Structures are given as C-alpha cells and as structure tokens.
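Colleague: Quick one: this structure, given as structure tokens, is what I'll be asking you about.
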Amino acid sequence: MTITVESTHMEHQQRKWTDYFTFCTDHKVIGIQYLVTSFAFYFIGGAFAEVLRTELATADPDFVTPAMYNQFMTLHGTIMIFLWIVPAGAAFANYLIPLMIGADDMAFPTLNAVAFWLTPPGGILLLLSFFVDGGAAQAGWTSYPPLSLISGVWGQEIWILSVLLVGTSSILGAINFVTTIFKMRIKDMDLHSMPLFCWSMLATSALILLSTPVLAAALVLLSFDLIAGPALNPTGGGDPVVYQHMFWFYSHPAVYIMILPFFGLISDVLPVHARKPIFGYRAIAYSSLAISFLGLIVWAHHMFTSGTPG
C-alpha cells in the first residue's frame with residue numbers, strides 16, 4: 001500500500017508574486033521580503049551618497065545647501081546600517097535556518113512577519129522626514145547631543161522613531177532565531193551538527209538582544225531632551241557622555257551584527273565548493289560566540305575624544 005504524506009504547512013505552497021506584498025508567515029517569503037526591502041533601501045542610501053559626492057566635487061555649496069548636505073549624510077549612514085546590512089543578514093537567516101535544521105518554519109511565524117513589517121514603515125518615516133518643518137535629522141547617524149538638539153526637532157524625533165522601529169524588528173527577529181535553533185532542530189541534530197551559519201546567527205542574536213535595548217534607552221533619553229526637558233543636558237544634571245556610552249554599547253557590537261551572519265554563510269559555502277569538510281568546525285563556532293562576548297565589552301575605543309579612557 002502506498003501512503004502519500006502531504007505537508008500540513010499550507011503556507012509552503014506555490015507562491016504568487018502578490019504574496020510578497022502581504023502579511024505572510026512563510027519563512028521563505030519573509031526572507032525574500034527582507035532581502036528585496038534591504039536592497040531597495042541600499043539603492044536609496046547609495047543615491048544619497050552620490051548627492052554627497054556631487055556636492056564635494058567643488059569647494060562651493062552649489063548643488064545642495066549645507067543643511068541639506070547634513071540631512072543626506074545623516075540619512076545615508078542610517079539607511080546603510082539599519083535598513084540595508086542588518087536586514088540583509090536577517091533575510092538569509094529567515095530563509096535558510098529552518099531549511100538547515102529541518103524545521104517546517106520559524107518557531108514564531110506570526111512574530112516573524114510582524115518583525116519584517118516594522119522595517120518598511122521605519123524606512124518610509126525616515127524618508128518622509130525631509131518634508132517636516134526643519135527637514136530631516138542633521139546630526140549624523142550617531143546623533144550625539146548637543147549637536148542633535150540644535151537642528152530641526154521633528155526631523156530628529158522622526159529619526160529616533162525610525163531607528164526604534166527597526167531596532168524592535170531586530171529584537172523580535174533575534175528572539176525567533178534563538179528559539180528556532182534551540183527548539184526546532186530535527187531529533188538527531190545536536191548543536192555541534194548544525195551548519196556554522198546557525199552558530200553565527202546565535203552569536204548575532206545574542207548581540208542584538210543584549211545591546212539593542214540599550215540603544216533604545218539612549219534614544220528615549222535623547223527624545224526627552226528634544227521635547228520634554230533635559231535628560232542629557234548638563235544644565236539639567238545630565239551628561240552627554242552617558243549617551244555616548246549607551247550608543248556605542250550597541251554600535252560597536254553592531255559591527256559584528258553586520259558581519260557575523262556572513263562569516264557563517266561563507267563558512268558553509270566554501271566547503272561545498274572545495275569538496276572538503278570545514279577545518280576547525282568547533283573553533284569557528286566557539287569563536288563566533290567569543291566575538292559576540294568581546295564585542296559587548298570593548299566599546300570605549302570609540303570615545304577617545306570624550307576623555308573616556310579606552
């Protein structure tokens with residue numbers, strides 16, 4: 001007797017192109033949504049870079065005004081970090097992790113869709129900030145106070161909201177990746193049987209979960225300074241160096257949030273094409289976790305000019 005087994009996961013049927021514009025819980029669809037969205041913002045951020053290069057072609061401000069130059073510079077940096085490279089890593093993780101560990105989908109498919117759909121509104125808000133009173137944020141992607149407090153208030157507030165939305169997306173995605181890797185592996189796959197990409201995403205997710213809430217707290221304090229009264233201003237008992245510590249507690253690990261997924265990816269791709277097993281599997285896996293740990297404790301070298309010992 002022949003028994004036909006059909007997948008109970010109805011989301012994994014043949015897709016139409018319109019499905020990629022819907023609230024879909026299929027991890028493959030979400031992965032492609034992340035990838036296409038991240039590269040759409042990559043081209044927008046790249047266009048902003050070309051505006052900067054065009055302005056710098058001559059010594060005079062003859063292409064954009066100084067204020068507009070600062071706005072393009074700020075949004076270029078923000079887009080390339082928060083809306084391109086970080087979501088691009090999430091794209092590969094969403095598509096590949098369930099396939100690599102034998103799972104039907106991510107542990108929390110609906111949460112996965114919510115995480116993605118926080119990203120486009122964050123990017124759109126950022127672009128719309130050009131049209132508010134005072135224009136977009138002008139203080140660079142770091143937005144140090146007091147520089148971030150002396151330009152357009154609403155542009156800076158929208159920048160904060162945009163980064164908070166994208167940061168929330170990262171946190172929700174990281175929760176999903178960790179839970180999926182620990183709870184959704186097939187029965188005979190232990191941690192040391194996983195592809196190295198899964199190890200790299202564990203390390204990346206740990207960084208996101210530990211550092212992104214600190215950035216969110218820093219941005220909330222900055223928002224208070226803008227609209228509710230001094231939180232970081234020394235005249236009100238604050239200290240702008242506190243913001244720098246909180247910002248770089250996230251933004252130094254962010255370097256590894258950006259690169260660790262691709263370290264893991266290339267560690268899985270190269271052995272296939274070399275037709276040899278990876279050398280030093282456990283060393284690579286544990287070094288990914290070590291990078292994650294060290295990345296959280298060495299942020300002060302970004303703050304030499306603040307007088308903070310590094």
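Each residue, glycine too, has its Cβ placed from N, Cα and C.
Whatever TrEMBL says is automated annotation, not expert-curated.
Quick paste of what TrEMBL says about this protein:
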DOMAIN    11-310  domain 'Cytochrome oxidase subunit I profile'
TRANSMEM  32-52  transmembrane segment
TRANSMEM  72-97  transmembrane segment
TRANSMEM  109-132  transmembrane segment
TRANSMEM  158-182  transmembrane segment
TRANSMEM  194-227  transmembrane segment
TRANSMEM  247-267  transmembrane segment
TRANSMEM  279-300  transmembrane segment
Colleague: Is it true that the transmembrane segment (158-182) and the transmembrane segment (72-97) have 3 or more Cβ pairs under 8 Å, skipping pairs fewer than 6 apart in sequence?
Modeller: yes
Colleague: Taking residues 6+ outside the transmembrane segment (72-97), which of them lie with a CB under 8 Å of any CB in it?
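Modeller: Sequence-remote neighbours of the transmembrane segment (72-97) are 27-28, 30-35, 37-39, 41-42, 44-45, 48-49, 51-52, 64, 103, 106, 112, 115, 119, 122-123, 126-127, 129, 136-141, 143, 159, 162-163, 166-167, 169-170, 173, 177, 180-181, 197-198, 201, 204, 254, 257-258, 260-262, 265.
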Colleague: Suppose you look only at the domain 'Cytochrome oxidase subunit I profile' (11-310); what would the mean pLDDT be?
Modeller: 93
